[in-house]
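*Asks:* If you scroll down you'll find the structure; I have some questions about it.
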Amino acid sequence: MPTTIFWPSDVKHSGFCYGWTTPAICVAGVLQAESEQDAEQTLKTFCDSLQWRLLATSCGSEPIILGTCRFNQKNGGHSPTVPKLKLLDLVDYILIYYTRHHSNTLRFYSLDVLRLDATNRPDVAHGSAYLPSAQHDFTAPMAMHFHSGINHTAINQFNSAKTLEQAIQVYHQTSTIEAPFTARLISHGASILRPLTSISDILTSICNVPILFSFSSPVLKDVSATVQQIDVRAEQIEFFATEVGSLRRRSSTPVELYSARYTNFFNAVWLILNDITIGVALGSFICENHVVLSRMLIQIVEGSLINWVQWALRWLDSWPAGLKLNTELSRFYSHSFIGLVTLWGAVLMRGAPYLPMVLYTIGSVSCGGVTLTISLFLDMLALLTAHIYVCYVISASVYQRMLKTAGSLWNLFRGKRYNVLRNRTDSWEYDIDQLLFGTILFTLLAFLFPTVLAYYSLFALMRLCVLIVQASLETLLALMNHFPLFALMFRVKDPWRLPGGIFFLRQNLRGSTDPVLVIKNQPVPLSSIFFQYIQLLSQLAKHYNPLRLLRCLFSGQYLAAIPRYSIRYNKIPSHIED
């Protein structure tokens with residue numbers, strides 16, 4: 001049976017081959033020396049250096065001289081050629097080509113899909129899951145006790161081959177994974193982020209201040225989208241300060257984890273830069289047209305949120321479509337809600353002259369990013385629709401109480417009673433006065449329920465419309481805060497930096513009459529790139545599910561916007577390297 005030899009595709013000169021023999025024969029490079037003793041001495045000198053100690057754990061064993069290779073000089077060109085090998089007295093062998101990458105490029109092989117989620121990375125057992133049990137199988141042939149041809153150790157040897165060759169050539173010069181510009185950028189970023197870290201701690205403390213100064217009271221970021229976005233910015237500053245230290249410690253970080261952190265770090269940088277760029281453009285538009293926009297907004301608020309609501313309440317009080325509501329209760333509902341809407345409308349109209357200045361301030365603050373502008377509009381929407389929220393809460397409370405009363409009367413007429421201790425419904429015999437009192441309550445409920453239902457339906461539908469607008473803005477906010485723009489660019493431009501496995505490809509190479517196998521990189525799937533956004537969208541879809549909203553509408557449950565912390569993705573790793 002022929003022996004498999006993994007050969008670097010960019011090696012095209014003759015000399016002494018060096019590499020590893022376990023778990024498979026892998027040629028890392030070729031040394032051009034006068035004799036085999038000189039090549040072994042050069043390799044031995046390198047194995048005593050610091051560079052090799054950093055690579056020894058991942059490669060499994062020290063590299064050795066495997067033999068010699070000779071190329072036919074007539075077969076030039078950029079395509080890999082087939083060498084003539086004399087390795088370890090092998091007669092029959094098969095060459096499988098792999099690509100060596102410089103460590104600065106962050107290109108590497110990986111058997112597993114690269115996980116961009118570097119915040120909580122579980123330990124993955126290397127090798128096949130069948131090997132541990134197969135080692136104790138005494139009925140299996142002896143060949144079963146050897147490792148497979150390609151495992152994580154072989155992949156690490158592929159990834160370390162170019163670094164090994166460069167370290168041998170420059171004699172103990174340490175090669176870093178960062179390109180010079182990237183290294184300088186990270187170094188300068190670390191010096192800038194040190195004072196910003198204290199500012200982020202102060203902002204985080206302010207955002208988590210309780211409103212009513214009690215432990216059970218909601219904090220500021222729970223009630224204001226703007227404060228929540230400021231807290232996100234503070235978290236991003238903390239993320240940058242944490243990850244800069246990890247990116248500068250390249251030698252002690254596995255290439256997969258370093259690549260994931262590198263991608264997440266610069267993806268956040270790109271998102272903030274794009275956020276600020278779009279925010280400046282949007283802010284300029286708002287500042288230039290703040291008078292016109294304020295006039296349009298006043299017309300919308302006065303026409304749709306004040307006058308239309310008052311008209312709808314008067315329409316319900318005048319027996320619409322032949323629906324005869326309870327006159328006294330309908331008049332009470334109508335007059336109370338109209339008074340509340342009129343009061344809030346007067347407050348809004350009192351502040352209308354200041355609206356151009358408010359919009360101009362929002363446009364000026366937009367230099368902090370379009371996400372900050374969206375958050376300000378979310379808070380403005382909550383402020384402008386506060387009267388709808390109050391009317392909805394009042395009508396929903398009455399509607400839900402009447403539903404519970406109807407359920408209790410249903411149990412009464414069936415001879416049932418809810419057992420609180422056992423959390424179940426048991427049979428019960430009621431007295432005649434209890435049944436009579438239940439009949440009176442049922443009569444009142446039957447006459448009053450249509451009126452309660454009509455006014456509840458009005459404000460529930462209005463609350464639902466407000467939630468749709470809020471959900472759209474929150475989805476846009478989550479998109480701007482977590483879109484994997486940098487990773488998606490790598491997926492299109494340079495898939496080698498985001499590996500998702502390997503595969504073998506048959507190619508016809510120059511200098512060979514038969515096709516050969518080349519190990520290629522499988523790009524990471526889009527689901528792994530959009531893992532943050534998929535989680536956030538699943539949270540939004542779960543909360544704003546139409547069936548769930550309809551169930552809340554019919555049962556009188558509170559229609560609330562999604563908690564803002566649910567659409568945030570924590571970027572800070574749970575285990576930080578010292």
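Residue 1 is the first one shown; counting continues down the chain.
Each residue, glycine too, has its Cβ placed from N, Cα and C.
For reference, TrEMBL lists these features for the protein:
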- 265-285: transmembrane segment (TRANSMEM)
- 332-350: transmembrane segment (TRANSMEM)
- 380-399: transmembrane segment (TRANSMEM)
- 435-456: transmembrane segment (TRANSMEM)
- 468-490: transmembrane segment (TRANSMEM)
*Asks:* Find the member of 265-285, 332-350, 468-490 that has more C-beta pairs under 8 Å to the transmembrane segment (435-456) than any other listed stretch.
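*Replies:* Stretch with maximum Cβ contacts: 332-350.
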*Asks:* At an 8 Å Cβ cut-off, counting only pairs 6 or more apart in sequence, do the transmembrane segment (265-285) and the transmembrane segment (468-490) clear the bar of 3 or more pairs?
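*Replies:* Since 3 or more Cβ pairs under 8 Å link them, the transmembrane segment (265-285) and the transmembrane segment (468-490) do come into contact.
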*Asks:* May I ask for the residues of the chain that lie six or more residues beyond the transmembrane segment (380-399) and have a Cβ under 8 Å from a Cβ within it?
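*Replies:* Residues packing against the transmembrane segment (380-399) from afar: 225, 301, 305, 309, 333, 337, 340-341, 343-345, 348, 452-453, 455-456, 458-460, 462-463, 466, 469-470, 473, 556, 558-559.
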